[in-house]
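Database features (Swiss-Prot):
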type	residues	note
BINDING	24, 25, 26, 39, 62, 63, 64, 65, 122, 163	substrate binding site
BINDING	214, 300, 331, 360, 361, 362, 363	ATP binding site
């Protein structure tokens, strides 16, 4: 999909306008403390542009999932407002409501260059202890109500770009002027370049737990790539399809035939592990390496040294690299070697001029936690959204934005 025709922030007038901005502040919080503020910082180009251009800014974001009254007590955006204030060095008025007089009054008295952060949009998923999902099912009245609070809507939340929620599609469909923010614009540009206009050789590295999560990506990318490297939990279903024994490694029994089909149509392209780092239990213990077959009682938890070498050789040839999903249980120190080595090899190839993109989710957090934050061309902020883009699917949150 190409979204080049969508209005961007620079196409619209924001001076003295009340601008509703959907950001993605869905950050990890432990005991009231934000442990990773990358998503907050990612929204700064848009927020700073709006401040410089005299906008009145109203920020909307979700935080986690809300399924009960108890969740609401634990998942307020209050700590995010505090952190945002510290990072911007500017007052952020937090309104602990998602609708009502207090919110309306605060917005109507907002001055240029002032910022309001509205409470977690997903609080609208539970009302009076009833699960109603007004936000996540895009309740039409809620979308209209939020849209009525502003004059302009900017969607800068790539993390929910594939969802039709009241706070993105709902507002965009009910407001006169809408545009995408700088983060979303950059995400779309980078993904389009990687998936639709790749310099050859083009390789994709797919990992993560399940084949079923990556079917759409495999089907969209297999005709385009020169090589498809398969690692992580999903690789054991492919190894089983090749007739290997996989011990008690992760297996999707009902996807073996599909894996066989992919191996047949992509026989010159698909690269699977040749050895595996295993353990007898799912624990951070010293690994045992098996080549070829994995014996009974053993669980494959990472790529083995020969597989890592094989992957590195392919990465060294590439001019475009897309990576989605870790190649091992990187949360265990003893089984992080595959994912870390892939990170290192991609980082080196980026320095050699390759265009490299890491899909969001686990591979992005692995890369960032391992110290590779600035070593790739782009690390996506949206796991599900980048995956759906790679599948060639429409991103509903972007489609709802006005064309130029």
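Note that Cβ sites are derived from N, Cα and C of the backbone, with glycine treated the same way.
Structure coloured by features recorded in Swiss-Prot.
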residue	record	DSSP (3 states)
24	substrate binding site	coil
62	substrate binding site	coil
214	ATP binding site	coil
300	ATP binding site	strand
360	ATP binding site	coil
Collapsed DSSP category at residue 331 (ATP binding site): coil
Residue 360 (ATP binding site) to residue 24 (substrate binding site) - Cα separation in whole Å: 13
Shortest C-alpha distance to residue 62 (substrate binding site) - which of the binding-site residues 300, 331, 362, 363: 362
Local Cβ density at residue 361 (ATP binding site) - other Cβ atoms counted within 10 Å: 21
Cβ-based isolation winner (fewest other Cβ atoms within 10 Å) among the binding-site residues 62, 122, 214: 214
Secondary structure at residue 122 (substrate binding site), reduced by DSSP to three states: helix
Closest of 214, 300, 331, 361 to residue 26 (substrate binding site), Cα positions, binding-site residues only: 361
All-chain count of other Cβ atoms within 10 Å of residue 26 (substrate binding site): 21
Residues 24, 25, 26, 39, 62, 63, 64, 65, 122, 163 binding substrate per the record - widest CA separation, whole Å: 18
Largest CA-to-CA spread of ATP binders 214, 300, 331, 360, 361, 362, 363, angstrom: 24
Cα-nearest neighbour of residue 122 (substrate binding site) within the listed binding-site residues, 214, 300, 331, 361, 363: 361
Residue pair residue 24 (substrate binding site), residue 300 (ATP binding site) - Cα distance, angstrom, rounded: 35
